[in-house]
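If you check Swiss-Prot, you get these features:
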- His54: active site (ACT_SITE)
- Tyr57, Lys101, Asn512, Gly549: ATP binding site (BINDING)
- Glu103, Asn550: Mg(2+) 1 binding site (BINDING)
- Ser104, His105, Asn106, His107, Arg126, Gln252, Glu324, Ser325, Gln326, Ser552: substrate binding site (BINDING)
- His105: active site, proton acceptor (ACT_SITE)
- Asp127, Asp280: Mg(2+) 2 binding site (BINDING)
- 386-412: region 'Disordered' (REGION)
Amino acid sequence: MIDTVEYAATTPDQPQPFAELGLREDEYQRVREILGRRPTDTELAMYSVMWSEHCSYKSSKVHLRYFGETTTEEMRTGMLAGIGENAGVVDIGDGWAVTFKVESHNHPSYVEPYQGAATGVGGIVRDIMAMGARPVAVMDQLRFGAADALDTRRVLDGVVRGIGGYGNSLGLPNIGGETVFDSCYDGNPLVNALCVGVLRQEDLHLAFASGAGNKIILFGACTGLDGIGGVSVLASDTFDAEGARKKLPSVQVGDPFMEKVLIECCLELYAGGLVIGIQDLGGAGLSCATSELASAGDVGMAIQLDTVPRRAKDMTPAEVFCSESQERMCAVVAPENVDAFLAVCRKWEVLATVIGEVTDGDRLRITWHGETVVDVPPRTVAHEGPVYQRPVSRPESQEALNADSSKGLPRPVSGDELRATLLALLGSPHLCSRAFITEQYDRYVRGNTVLAEHADAGVLRIDESTGRGIALSTDASGRYTRLDPYAGAQLALAEAYRNVAVTGATPVAVTNCLNFGSPEDPGVMWQFAQAVRGLADGCAALKIPVTGGNVSFYNQTGAVAILPTPVVGVLGVLDNVARRIHTSLGTEPGEILMLLGDTYDEFDGSVWAQVMAGHLGGLPPMVDLAREKLLAEVLSSASRDELVSAAHDLSEGGLAQAIVESALAGETGCRIALPEDADPFVMLFSESAGRVLVAVPRPEESRFRSMCEARGLPAMRIGVVDQGSDSIEVRGQFTVSLAELRMTFEAVLPRFFG
């Protein structure tokens with residue numbers, strides 16, 4: 001028997017499994033108050049998924065408002081769409097716009113790594129499609145458990161194959177990201193996928209419905225049982241030792257070839273002016289798409305749910321309405337354009353069905369074979385869900401953690417000890433080559449990738465006639481954020497900003513994905529609140545806006561949470577990609593190596609402390625956002641005037657790691673001369689922020705120095721590139737061959753996962 005609105009009104013006391021669906025008692029009672037009766041089974045399913053943590057942001061919303069409060073009108077200049085849309089959109093000049101966003105698919109990627117990661121890519125790509133853009137590239141931020149943990153191989157193998165399999169099939173280059181191993185992610189991997197798309201500004205589309213009588217068309221794949229309760233429920237729960245594998249049926253199944261056709265179909269529909277509003281079907285499926293479209297447009301909607309094409313027999317209305325089957329879109333189309341819309345879909349062999357229409361008023365009415373199974377105000381579903389001011393409390397352990405400095409750890413002193421330290425860090429899972437992973441992705445498909453592997457940021461050509469392009473980088477540091485959430489978020493922002501700047505691009509906008517433990521833990525909420533404020537204040541200092549993002553809570557097993565991991569993505573613009581700066585040394589004979597920025601004795605939270613002593617404590621490096629802004633301006637000017645031939649950001653592993661990576665990328669040796677009054681260990685391995693290694697063509701050294709001095713940016717000569725050498729020499733300390741460095745650097749991941 002179908003539970004209709006009429007039947008629900010006459011059976012107020014019928015027991016309902018609201019708790020099993022994730023609703024609290026008070027939330028369930030609020031639904032009853034809104035409706036003036038008990039909800040039908042379909043309504044209950046809809047409210048449960050739409051009021052879940054993943055869909056409603058009910059624990060984070062009060063803190064996320066700070067992004068809006070700190071965004072000035074000056075920062076909004078050039079932002080065409082921001083927080084609240086499927087993805088942020090920014091003006092990059094010459095009539096072009098870029099849309100980009102990062103989202104999590106963490107929990108599904110643990111339950112079923114291949115499909116979890118693959119559909120994570122598919123979902124973020126559809127968000128970009130829904131803005132009217134052509135997706136042009138993807139990136140990923142991955143966090144796995146310890147490299148030697150038994151389950152890490154299963155998860156990593158599936159996740160990497162899923163990302164590569166879906167992205168490669170779509171013909172989208174993977175232009176960068178990060179892979180981090182830490183035992184805190186055992187059982188709780190992070191899979192954060194970013195997609196970037198390009199559009200002409202006049203082609204921008206938004207997610208709203210308007211115009212009574214306009215038709216609602218569902219197009220794409222058929223609706224099945226896969227993903228019932230999927231991401232919206234999984235991402236709102238923690239894992240226990242036994243429960244993870246039981247959740248397998250809730251993970252969606254992706255078809256990248258269907259999505260590839262869907263991309264081309266959407267672009268032709270946009271070009272024909274056939275779309276009024278559009279929404280992709282992701283978490284919560286059709287229940288989300290219809291309620292959000294109606295709510296955003298302040299209209300009603302009538303949907304005949306039984307007309308939805310299904311690939312499983314005997315599906316209930318609730319299952320059809322809340323299915324998270326992939327590769328589906330929902331469009332608002334004028335009646336006179338329906339035939340043309342359907343004709344385009346037939347051309348691309350995309351299934352399309354008129355399932356309803358926009359109505360006057362404020363009711364979302366869903367019928368099943370003529371009987372009403374949903375009759376609700378859409379705003380109460382999509383935008384007026386519960387909002388919680390969760391208890392926030394600085395953990396009692398925080399003071400002791402910050403007092404536990406790394407200064408007492410034994411440090412290398414002799415040249416042999418420094419050499420051994422370099423090789424130990426380089427040969428650890430933390431700093432080793434990621435080529436074993438990235439070589440499974442296509443980085444250059446479509447022919448517009450200018451920088452990818454070995455680069456601090458991915459660079460894409462947008463306009464072939466002018467050379468206009470973009471740079472993208474994503475960064476995060478859970479270790480720094482654990483020590484100080486406010487500073488940790490700013491350090492992630494600073495590094496992503498710096499990574500974009502070292503290509504010569506001007507940073508213009510930010511996206512984020514905030515990965516934390518349970519919001520029911522006051523200590524986790526303190527970390528979250530501090531990180532949000534740090535990121536928002538940092539963006540205000542740099543004068544670049546947050547255009548959108550994602551929150552992923554409940555990343556913990558039992559009472560043990562992951563390190564707080566705010567992932568920050570920064571978008572930059574290059575007026576001509578021909579002037580981009582790469583990381584490889586040796587493109588000019590006799591390049592001068594210079595270190596920009598100040599180096600301090602800062603090792604708390606460093607990779608050195610982790611690898612050599614398993615230590616995490618103290619305070620993270622200082623962050624100076626004014627210095628970061630100055631660095632970006634200098635690098636942009638140096639790129640434009642061709643004063644710098646290579647540049648590499650300093651972060652984990654410090655100067656030593658940056659030198660090795662740039663030397664290996666250029667397959668050339670170099671000679672390093674550290675200041676005589678400096679501690680070689682500090683100079684080589686400190687992780688002080690705001691620093692960049694640059695290679696300057698010998699004839700330009702004087703001009704470059706003068707530019708840095710005029711702007712007040714410290715610039716120290718630390719060596720030269722030696723194209724006739726096959727080793728790195730640190731004068732008075734040690735020499736190590738490129739062959740030994742490469743073998744150490746590249747052997748680690750194949751040893752664990754090959």
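Using the three backbone atoms N, Cα and C, a Cβ is placed for every residue, glycine included.
What you are looking at is a predicted structure, and each value in this text was computed from that prediction instead of being measured.
A map of Swiss-Prot features onto the structure.
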residue : record                 : DSSP class
His54   : active site            : helix
Glu103  : Mg(2+) 1 binding site  : strand
Asp127  : Mg(2+) 2 binding site  : helix
Asp280  : Mg(2+) 2 binding site  : strand
Glu324  : substrate binding site : coil
Gly549  : ATP binding site       : strand
**Prompt:** Can you tell which of Glu103, Asp127, Asp280, Glu324 has the most other C-beta atoms within 10 Å, given these are the binding-site residues?
**Reply:** Glu324
**Prompt:** Of all the Cα pairs drawn from Ser104, His105, Asn106, His107, Arg126, Gln252, Glu324, Ser325, Gln326, Ser552, the residues the record ties to substrate, which distance is largest, in Å?
**Reply:** 21
**Prompt:** Expressed to the nearest Å, what is the distance separating Gln326 (substrate binding site) and the residue listed as 'active site, proton acceptor' at their Cα atoms?
**Reply:** 14
**Prompt:** Can you tell me how far the Cα of Arg126 (substrate binding site) sits from the Cα of Asp280 (Mg(2+) 2 binding site), in Å?
**Reply:** 6
**Message:** For Asn512 (ATP binding site), which of the listed recorded positions (His54, Asn106, Asp127, Asp280, Glu324) have their CA atom within 10 A of its CA?
**Reply:** none
**Prompt:** Taking the residues Tyr57, Lys101, Asn512, Gly549 listed for ATP, what is the greatest CA to CA distance in Å, to the nearest whole number?
**Reply:** 17
**Request:** Show which residues of the chain containing Asn550 (Mg(2+) 1 binding site), separated from it by at least 6 in sequence, have their CB under 8 Å from its CB.
**Result:** Lys101, Val102, Glu103, Ser104, Asn192, Asn512, Cys513, Leu514
**Message:** Neighbour count, 10 Å Cβ-Cβ cut-off, for Gly549 (ATP binding site): what number do you get?
**Reply:** 26
**Fill in**
Its Cβ having more other Cβ atoms within 10 Å than any other among the recorded positions His54, Lys101, His105, Arg126, the winner is His105
**Prompt:** Going by DSSP, how much of the region 'Disordered' (386-412) is helix, how much is strand and how much is coil, in residues?
**Reply:** 9 helix, 0 strand, 18 coil
**Item:** Additional residues around ATP, ordered along the sequence, whose Cβ is within 8 Å of the centroid of Tyr57, Lys101, Asn512, Gly549
**Value:** Ile83, Val102, Glu103, Thr511, Cys513, Leu514, Val546, Gly548, Asn550, Val551
